[in-house]
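*Asks:* Taken from TrEMBL, the feature pyridoxal 5'-phosphate binding site applies to GLY96, THR97, PHE123, ASP207, GLU208, VAL209, GLN210, THR265. Per TrEMBL, the feature substrate binding site maps to ARG126, THR264. The N6-(pyridoxal phosphate)lysine annotation in TrEMBL covers LYS236.
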Amino acid sequence: MKLITFYGSRGLKVVKGENQYVWDYQGKRYLDLHAGHGVAFLGHRNPKVVDYLKRQLDTIITLTTAFDVEIREEMLKEIDDLKPEGMDNIFLLNSGTEAVELSMKVARKVTGRKKFVAFRNSFHGRTMGSLSITWNKKYREPFEPLISPIEFIEFNQLDELKKLDKETAAVIFEPVQGEGGVIPAKPEFVKALREETENKGILLISDEVQAGFGRTGKVWAYQHYGIKPDILTAGKAIGGGFPVSAVFLPDHIANTLGEGDHGTTYGGNPMAAAAVTASSKVLKEDRVPEQARVKGETFMKMLRDALEDFRSVREVRGLGLMIGIDLRLNPGPAIKVLQDSGVLSLKAGLSAIRFLSPYMITNQDMELAVDATRKGVAETEGKRST
Ligand SMILES: Cc1ncc(COP(=O)(O)O)c(C=O)c1O
């Protein structure tokens, strides 16, 4: 039997993960800044997440949301302190793309409009709806026709916002574009986007599947911008490694939805609720967003200082612990050198190395990553590291 993965093999057999590290079968340790596409932001096997999951295994594993169960009540209490402002309703799903799909359905139902606007370099998932609003043609074209109408506009360009019209149900944006190259939104752009959408009765969806849950230095990435979106999608980090995603909605939107508008067999299952409960506790108890902010600043400065003399390095950018090193070269070979040097990372866009570090990264880890990056970039440039 062969496993279909759709991802190129990294040639590494991993036998164990703990906190910010994984080990291969020969016992070699790797600093994991790939973190399962950013899922392991709270570390691999965070003890609180493991404890909650183990206890839940001994209680009940599966139960749809038509029935009540204590762990879901505990989850609602825990996440209440973390909810996006004004969003008192949460719907749980199993993956980021499912959360995006639901946000699109909600936008159509609430506004009665059909059109979606997304941005150049956006990534929102790979099922038919989320794929329709994902920028990269390579992902989209083999599967067309997708849903319509969709319009892509330039990210971070104020002029583009004139294109928003009253046919549009929602604009979906990533406060920090992840997959597309680790590109943070500019504050003046987000403010204008919020104003323009509000004026035209368009919903604003903040897709925080990658940026959300503390990674950028705030619980939610939109909070850097002094605005409030209408809908927020979350995933990856919120389950501490367990597959779970969420859509947050304010009352005035949630109240327009009724029985049968959506559904999911697994969404909100007791294990997922246990994972979100534990992850929320960790986020608060360890002041994770604050750690991500401080460590992200340190890490980014170290990278900028260490890489300033490389002509192939265009920019080191990011927010908190969501960091991209944009190169004038294909980053693939550098990512391989990093891996051989004991640091796992991933690509973003066509030209960036992306670090999605677990929040417990130490200064020593950062030094290791910086040295490995210098080596990777130097070898990719075809010269020796100095
Ligand atoms: C911003 C954003 N939205 C949606 C998704 C899709 O999430 P998933 O792969 O869990 O379906 C991703 C995944 O990388 C993402 O980064």
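Just so you know, glycine gets a Cβ as well, placed from its N, Cα and C.
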*Asks:* So, three-state DSSP: helix, strand or coil for GLN210 (pyridoxal 5'-phosphate binding site)?
*Replies:* coil
*Asks:* Counting across all protein chains present, how many other Cβ atoms fall within 10 Å of the Cβ of ARG126 (substrate binding site)?
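*Replies:* For ARG126 (substrate binding site), the 10 Å Cβ neighbour count is 15.
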*Asks:* As a check: which entries in ARG126, GLU208, THR265, the binding-site residues, place their Cβ less than 6 Å from an atom of ligand 1?
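*Replies:* The qualifying binding-site residues: none of them.
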*Asks:* Would you list, in sequence order, the binding-site residues among PHE123, ARG126, ASP207, GLU208, VAL209, THR265 whose CA lies within 10 Å of the CA of LYS236 (N6-(pyridoxal phosphate)lysine)?
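*Replies:* Within 10 Å Cα-Cα: GLU208, VAL209.
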*Asks:* Give me the CA-CA distance between GLN210 (pyridoxal 5'-phosphate binding site) and ARG126 (substrate binding site), in Å, as a whole number.
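*Replies:* That separation, Cα to Cα, works out to 14 Å.
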*Asks:* Using the structure shown, find which entry in THR97, GLN210, THR264, THR265 (the binding-site residues) has the sparsest Cβ neighbourhood within 10 Å.
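*Replies:* Checked THR97, GLN210, THR264, THR265; of these binding-site residues, fewest Cβ neighbours within 10 Å: THR265.
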*Asks:* Given the binding-site residues GLY96, PHE123, ASP207, and counting only Cβ atoms in the protein chains shown, which has the most within 10 Å of its Cβ?
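*Replies:* Neighbour-count leader: ASP207.
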*Asks:* Whole-number Å only: compute the distance from the Cα of THR97 (pyridoxal 5'-phosphate binding site) to the Cα of THR264 (substrate binding site).
*Replies:* 13
*Asks:* Can you grab the distance from THR265 (pyridoxal 5'-phosphate binding site) over to ARG126 (substrate binding site)? Cα atoms, rounded to a whole Å.
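*Replies:* Taking the Cα atoms only, THR265 (pyridoxal 5'-phosphate binding site) lies 20 Å from ARG126 (substrate binding site).
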*Asks:* Measure between the Cα atoms of every pair in GLY96, THR97, PHE123, ASP207, GLU208, VAL209, GLN210, THR265, the residues the record assigns to pyridoxal 5'-phosphate, and report the largest value in Å, rounded to a whole number.
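*Replies:* Max span of the pyridoxal 5'-phosphate binding residues, Cα based, is 25 Å.
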